[in-house]
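Engineer: One structure, pasted below without further comment.
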Amino acid sequence: MKHLIIVESPAKAKTIKNFLDKNYEVVASKGHVRDLSKFALGIKIDETGFTPNYVVDKDHKELVKQIIELSKKASITYIATDEDREGEAIGYHVACLIGGKLESYPRIVFHEITQNAILNVLKTPRKIDMFKVNAQQARRLLDRIVGFKLSSLIASKITKGLSAGRVQSAALKLVIDREKEIRPFKPLTYFTLDALFEPHLEAQLISYKGNKLKAQELIDEKKAQEIKNELEKESYIISSIIKKSKKSPTPPPFMTSTLQQSASSLLGFSPTKTMSIAQKLYEGVATPQGVMGVITYMRTDSLNIAKEALEEARAKILKDYGKDYLPPKAKVYSSKNKNAQEAHEAIRPTSIILEPNALKDYLKPEELKLYTLIYKRFLASQMQDALFESQSVVVACEKGEFKASGRKLLFDGHYKILGNDDKDKLLPNLKENDPIKLEKLESNAHVTEPPARYSEASLIKVLESLGIGRPSTYAPTISLLQNRDYIKVEKKQISALESAFKVIEILEKHFEEIVDSKFSASLEEELDNIAQNKADYQQVLKDFYYPFMDKIEAGKKNIISQKVHEKTGQSCPKCGGELVKKNSRYGEFIACNNYPKCKYIKQTENANDEAKQELCEKCGGEMVQKFSRNGAFLACNNYPECKNTKSLKNTPNAKETIEGVKCPECGGDIALKRSKKGSFYGCNNYPKCNFLSNHKPINKRCEKCHYLMSERIYRKKKAHECIQCKERVFLEEDNG
């Protein structure tokens, strides 16, 4: 009888299967096999506590049946889902669905997907950690309660489609606060006095008549000119020369947040893209040794490194760079995050032997770039510090002092691998008390800059420092805010949209703890305590739920509705009522103000450019774009009285290329294409790129696997569906 190993992803299952003999069967759960019901709160709440109502997703039902049948035939079923709390919970749900005692399922975890790692963990299984599971359940229930209850309230007071959530709203407030600093900012002009002394010493005025000048202090142009005129007449000497040796410490290896930050700044990758590529590198790619994982687990807040990996790195440094670059002892790093899960490892290559050059014919260009970044950072983390000599020279006269600074690299250390963008700034050879001639003195104007908007990388850095969310939530949180149209990211800068201001205004006034970073961080600590058996998850939920629901009820009464519908001056053709403009998550539309008694609606004039000025040849009505399982088409807005439809293929204004959506594989344009079998969406770079989708791709990312989403009709309901993992979100629902 075969042994069964259950992992999360098909790619991981395929890789692991290559390492094992025929006595093992490896199957993927494809993420969560069950979750809270999507069409209700999904939690029973009474005096006994909080009972989640888990439902198997329709797309997982056949898979679950398959896993149950395989488990019945297996002598041992190993739960080998990811090592974080989410993975522990997925393993727990799989075991529950199979049935039997939880203790009967050996639990194995691995930081890397290599043959040795897999064979070793099979020898040392443990049990499913219910404390970790309860921590994940508490997080899931908390987020559902906040999202479901608060989103419903926000949508009822502002407009349908808006949402709020425990982590997303705290993150959004950071963006809003920065916008509030930027919008009223008024630039200030200030002046500096910059001198050039012979032989070529550049210095800046730091004090005048015994008073030190503060940064941006000199704002009067006339005053700056007067000081310049006075100092030009003075004689100068070298007042002091200070030289100091300074170390540039080696950077630690990557954890999730720092990998996302570096990939953003150095490679231009979004956090979502970084995690998607990292997942592929972790789960298994082609190498000269066969298919295997080439990096360790990518969702981690730990800086620990396995002893064997440290020894490999040190041996590599000694061999390739010599003993001068090798510290006496291996360098050990610890995370600044007090809640870091130190049992995990930092992100590193699974084998230091697999140099980037050895993989250039096996990895895609972007995979190779990210792997190279991880490889070099890990190897550099075990090298000697770089050493600099800093110089500071003060030039003085009776009325003022000028200062010049320089730096010289003495030993490159870790820069040997990572490179050094800072060029040496060498100062001329000088002696204290020697006279020096002023060659030129200039008064230069400068303008203060507003606070910089967050980039995705800098926002993640702040979220991490404040304890908001965990490594697994940083990228999905930013994607979620984009998908909700709260923020936009242009040229690496995050700016808030107007709907975000309205939501945060309400939350700050009525639910201040939801947007308080300290509150969010304290909840993360509570979840950590649950995972460590220091807190009861039912009590944590209870302590949060009842005060929160009191505020929800108060909000229903006290929050003033901001829904204002613009009048069109037109009458409803069905009941004679007034037509007004409304908004939904699908955009602007026109509806009768007698709703719900009258349900007449039509689209605005600027909606759906494809249908603009297109009239129904049967009744004279307006042809509007609609969607079916076969894609987009035109239909008369007088349906059901008129059932005229028209293919977009024959529409003069139809757009073949999808605006604002790029291919997730190569970055090319995506266009509607046709074959004998029907229409589909494909990449314009075909045949170099084979991306295709049966449904129209949209500029949103899957919150589960971060791949591109599509829009479709599923069982007569509008839905967004991931093109890769098929995760589906019905647009009628909004759980936040």
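Please read every residue number as a count from 1 along the shown chain.
The backbone N, Cα and C atoms fix where each Cβ goes, glycine too.
Feature table excerpt (Swiss-Prot):
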type	residues	note
ACT_SITE	Tyr297	active site, O-(5'-phospho-DNA)-tyrosine intermediate
BINDING	Glu8, Asp82	Mg(2+) binding site
DOMAIN	129-552	domain 'Topo IA-type catalytic'
SITE	His32	site 'Interaction with DNA'
SITE	Arg139	site 'Interaction with DNA'
SITE	Arg140	site 'Interaction with DNA'
SITE	Asp143	site 'Interaction with DNA'
SITE	Arg299	site 'Interaction with DNA'
SITE	Arg484	site 'Interaction with DNA'
ZN_FING	572-598	zinc finger
ZN_FING	616-642	zinc finger
ZN_FING	663-689	zinc finger
ZN_FING	702-725	zinc finger
Engineer: At the level of the C-alpha atoms, what whole-angstrom distance separates Arg484 (site 'Interaction with DNA') and Glu8 (Mg(2+) binding site)?
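Structural biologist: Arg484 (site 'Interaction with DNA') to Glu8 (Mg(2+) binding site), Cα-Cα distance: 28 Å.
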Engineer: Looking at the recorded positions listed here (Arg139, Arg140, Tyr297), whose Cα lies nearest to that of Glu8 (Mg(2+) binding site)?
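Structural biologist: Spatially nearest to Glu8 (Mg(2+) binding site) by Cα position is Tyr297.
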Engineer: Go through the chain and flag residues at least 6 beyond the ends of the zinc finger (702-725) whose CB is under 8 A from any CB in it; none is fine as an answer.
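Structural biologist: Apart from its flanks, the zinc finger (702-725) reaches 30-31, 272-273, 275-276, 279, 475-476, 479-480, 483, 586, 627-629, 661, 664, 681, 693-696, 731-732.
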Engineer: At the Cα level, what's the spacing in Å between Asp82 (Mg(2+) binding site) and Tyr297 (active site, O-(5'-phospho-DNA)-tyrosine intermediate), rounded?
Structural biologist: 8
Engineer: Averaging the per-residue pLDDT over the zinc finger (702-725), what integer do you get?
Structural biologist: 81
Engineer: Taking the Cβ of His32 (site 'Interaction with DNA') as reference, which residues of that chain separated by at least 6 in sequence fall under 8 Å from it?
Structural biologist: Asp57, Ala89, Ile90, His93
Engineer: Taking the Cβ of Tyr297 (active site, O-(5'-phospho-DNA)-tyrosine intermediate) as the reference point, list residues of the same chain whose Cβ is under 8 angstroms away and which are at least six residues distant in sequence.
Structural biologist: Asp82, Glu83, Asp84, His111, Glu112, Tyr282, His344, Glu345, Ile347
Engineer: Which of Glu8, Asp82, Asp143 has the fewest nearby Cβ atoms, counting only those within 10 Å, among these recorded positions?
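Structural biologist: Among the recorded positions Glu8, Asp82, Asp143, the sparsest Cβ neighbourhood within 10 Å belongs to Asp143.
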Engineer: What three-state class does DSSP give His32 (site 'Interaction with DNA')?
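Structural biologist: Its secondary structure by DSSP: coil.
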Engineer: Counting by DSSP secondary structure, give me helix, strand and coil numbers for the zinc finger (702-725).
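Structural biologist: Within the zinc finger (702-725) the tally stands at 0 helix, 13 strand, 11 coil.
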Engineer: Indicate whether Arg299 (site 'Interaction with DNA') is helix, strand or coil by DSSP.
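Structural biologist: DSSP assigns Arg299 (site 'Interaction with DNA') to coil.
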Engineer: According to DSSP, which kind of secondary structure is Glu8 (Mg(2+) binding site) found in, if we only use helix, strand and coil?
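Structural biologist: It is coil.
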